[in-house]
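Have a look at the structure below before the remarks.
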Amino acid sequence: MSELEQLRQEAEQLRNQIQDARKACNDATLVQITSNMDSVGRIQMRTRRTLRGHLAKIYAMHWGYDSRLLVSASQDGKLIIWDSYTTNKMHAIPLRSSWVMTCAYAPSGNYVACGGLDNICSIYNLKTREGNVRVSRELPGHTGYLSCCRFLDDSQIVTSSGDTTCALWDIETAQQTTTFTGHSGDVMSLSLSPDMRTFVSGACDASSKLWDIRDGMCRQSFTGHVSDINAVSFFPNGYAFATGSDDATCRLFDLRADQELLLYSHDNIICGITSVAFSKSGRLLLAGYDDFNCNVWDTLKGDRAGVLAGHDNRVSCLGVTDDGMAVATGSWDSFLRIWN
């Protein structure tokens with residue numbers, strides 16, 4: 001037997017031992033524990049606003065922390081800052097590259113960021129003295145497309161990329177301060193924990209990983225999906241997270257139990273998931289699908305509680321406001337819808 005084959009067998013045995021240890025700790029299922037709880041009932045949401053202005057597919061959106069303004073990125077080469085109450089466009093920012101895949105709003109409301117097939121994370125200052133929006137920093141360094149970005153504050157941002165890495169950047173110096181390596185496929189999505197000390201990533205190696213922002217180490221790895229993970233989102237208390245995959249399932253993983261708690265799927269759903277987000281309490285999990293719908297799941301019981309139907313093409317992105325009062329969905333039909 002070759003040395004490589006021997007090592008492979010040892011690794012397989014170790015993995016089985018870890019899985020057995022996890023199973024030994026798993027003395028009950030989430031469905032059993034929540035069996036006495038009331039169901040959330042039928043969730044019906046209506047479209048309250050439709051944001052029209054993009055001329056091509058919308059690829060990404062992100063709410064500002066005021067729960068009123070949001071940023072969206074489209075294949076039309078524009079980044080638009082919207083007032084969701086009035087549907088007015090506060091800013092329409094022309095991008096140097098129209099192949100944008102992600103956008104983010106800084107917690108302060110002073111900056112937005114975007115990136116995509118240009119491999120660069122571009123930071124835009126919304127609060128310039130002249131009143132015009134301009135690029136304040138460009139962060140080159142990834143060797144693959146930029147799939148997701150999220151601000152820690154006005155001076156730091158975390159990015160994920162098709163080069164299989166994530167990175168923490170010092171925006172002022174435009175330097176990567178930490179690189180997070182460990183995935184063996186394109187990293188598609190990231191989600192910051194509520195305390196901003198860790199983040200979780202989902203990738204095309206069908207695994208999700210928990211990273212410590214301070215030292216760059218991978219703290220935990222989670223498997224279970226059988227296809228690319230397109231979206232991840234932290235549970236509001238920071239102790240769990242959800243994933244959405246091309247295998248047509250969403251899954252809930254618990255950090256303390258170190259394993260999957262629940263799978264969200266339906267026989268009628270055979271298409272991939274593009275985006276996931278929790279309600280403010282965490283009781284509902286919203287997921288955007290390739291079949292033009294957004295499904296609402298009862299997080300604790302695993303039942304489908306509702307459907308947001310209205311888009312005429314793939315739902316590519318969604319987000320819940322910080323105050324929990326509204327959901328925004330963005331679609332390849334070029335429209336954003338605000339629901340509650």
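Heads up, the Cβ atoms here are built off N, Cα and C, so glycines get one too.
Here Swiss-Prot flags Ser2 as phosphoserine, drawing on similarity to another entry. Residues or ranges marked as N-acetylserine by Swiss-Prot: Ser2. Per Swiss-Prot, phosphohistidine is recorded for His266, and the stated evidence type is similarity to another entry. Residues or ranges marked as repeat 'WD 1' in Swiss-Prot: 53-92. Per Swiss-Prot, repeat 'WD 2' is recorded for 95-134. Per Swiss-Prot, repeat 'WD 3' is recorded for 141-179. According to Swiss-Prot, the repeat 'WD 4' annotation covers 182-221. The repeat 'WD 5' annotation in Swiss-Prot covers 224-263. Swiss-Prot lists 268-307 with the feature repeat 'WD 6'. Taken from Swiss-Prot, the feature repeat 'WD 7' applies to 310-339.
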Across the repeat 'WD 5' (224-263), average pLDDT on the 0 to 100 scale: 97
Among the ranges 53-92, 95-134, 141-179, the one whose Cβ pairs under 8 Å to the repeat 'WD 7' (310-339) are most numerous: 53-92
Given the repeat 'WD 2' (95-134), which of the listed stretches 141-179, 182-221, 224-263, 268-307 has the most Cβ pairs that are under 8 Å apart from it? 141-179
So which one is it: of the modified residues Ser2, His266, which has the fewest other Cβ atoms within 10 Å? Ser2
Across the repeat 'WD 7' (310-339), DSSP labelling yields 0 helix, 15 strand, 15 coil
Give me the CA-CA distance between the residue listed as 'phosphoserine' and the residue listed as 'phosphohistidine', in Å, as a whole number. 44
